[in-house]
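Have a look at the structure below, then the notes.
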Amino acid sequence: MELNTGHNDRPEMTKLADPEDLDRAPSAQRYSLHSADDSVRAGYSAQLTRSRSTLGVTFMSFVLASVPYGLSTTLIYPLTGGGPSTVLWGWLLVCSLMLCVAVSLGEITSVYPLAGGVYYQTFMLAPSRWRAPIAWVTGWSFTLGNIIITLSVNFGTTLFLIGCINVFRDETGAAVFAAEAWQTYLIFLFITLLCNTVSALGNRWLPILDMVAVVMTFLGVGAIMVCVLVIAKAGRHSARYSFGEFEPTSGWQPSGWAFCVGLLHAAYATSATGMITSMCEEVCEPRTQVPKAMVGTIMLNAFCGFVFLVPLMFVLPNIASIVSDSSGQPLPVILRSAIGSPGGAFALCVPIIVLGVVCGIGCTTAASRCAFAFAR
């Protein structure tokens, strides 16, 4: 595994930039030259266009996490793992731990800002005797992990979409779309193909799409906050219940273990923290901007997620009714109970559905860059 050996047919970048030239160059050009040197020093020719700004990579980091989407699709785990306490305090606990991971990974990325991400960083940091096998295992794990998490996002969007449709009921009270396995699979395939098509053919428009998704996220979260707290058809819980109720119903024993299982909810929503490293070779000045994006996004996600979850805990219906509901998704059930209207609940879920699709596009893009870096 010779990562330091470049291609024989490199384009124009065959020698490092002169430091005096860097000093005289405009700032944007200086960043480009420094970034080009990063690829050359690693033995690679530059094959990707550095078109993403600081805001662009920050927006993409936010979209990769897609906190409202991730928290919505896995909300059942903390609800049965302890209820409101596990939901809220588990979220803040995991975000605190992920902030440490982001700071550490950001520090390493500032030294090795390449699309290979952790696999190349592992190769450079491991003892020379073990670097090849360790980097090989890390590379395959990182690549497969990127692909699997992308598919999990698309499948989660599929299940959430079906759950949102089933917020409507027929005359008998049954769900209007009891999806068979093959129907679920076809929807999943459609979403996956859509994400791959947009990622492959619309690369120049992806930063704009990320920005639109971020704006829609904040508008959607704001709409959910206001509607559920103002309308609250089924009433509101006290602050004592919303912040302090702990009653595991998952069956895991002891209760502390049930709480830990409930943390999967927050862990899933923050699991894409390291994926942005695969975009390093498309970012201007990646040594500083990618680490800033990773750390800043965790703090932004922690705030956004907490603000999103708190109103839901105040209008939370009986957890047993959420678990037994045929829709299979807690958020549509909570919103239907709080709004008192299936149509209103579905409308509030639309931004989350869109965010899930955009998250799938972002994950597809990052996974493709990871596979590209591992293959070259």
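Heads up, the Cβ atoms here are built off N, Cα and C, so glycines get one too.
The annotation region 'Disordered' is assigned in TrEMBL to 1-23.
The annotation compositional bias 'Basic and acidic residues' is assigned in TrEMBL to 7-23.
Annotated transmembrane segment per TrEMBL: 55-77 (among others), in sequence order. Sequence-distant contacts of the transmembrane segment (55-77) (same chain, six or more residues past either end, CB-CB distance under 8 Å): 87, 91, 153, 156-157, 159-160, 206-207, 210-211, 213-214, 217, 220-221, 250, 261-262, 264-266, 268-270, 272-273, 275-276, 279, 283, 289-290, 292-294, 296-297, 300-301, 304-305, 308-309, 322-323, 329-331, 349, 351-352, 355-356, 358-359, 362-363, 365-366.
Residues or ranges marked as transmembrane segment by TrEMBL: 89-114 (among others).
The annotation transmembrane segment is assigned in TrEMBL to 134-162 (among others). Taking Cβ pairs closer than 8 Å, the transmembrane segment (134-162) reaches residues 1, 3, 66, 69-70, 72-74, 116-120, 122-123, 126, 177, 179, 184, 187-188, 191-192, 195, 271-272, 275, 278, 327-329, 331, 349, 352-353, 356-357, 359-360, 363-364, 366-367, 370-371, 374 in its own chain, all 6 or more past its ends.
Taken from TrEMBL, the feature transmembrane segment covers 182-201 (among others).
TrEMBL lists 213-235 (among others) with the feature transmembrane segment.
Taken from TrEMBL, the feature transmembrane segment covers 298-323 (among others).
Sequence annotations record features per position, and here TrEMBL assigns transmembrane segment to 343-367 (among others).
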Honestly, do the transmembrane segment (213-235) and the transmembrane segment (89-114) touch, with at least three Cβ pairs under 8 Å and pairs 6 or more apart in sequence?
no
Within-chain partners of the transmembrane segment (182-201) [C-beta distance under 8 Å, separation at least 6 from its ends]:
150-151, 154-155, 157-159, 161-162, 209, 357, 360-361, 363-365, 368
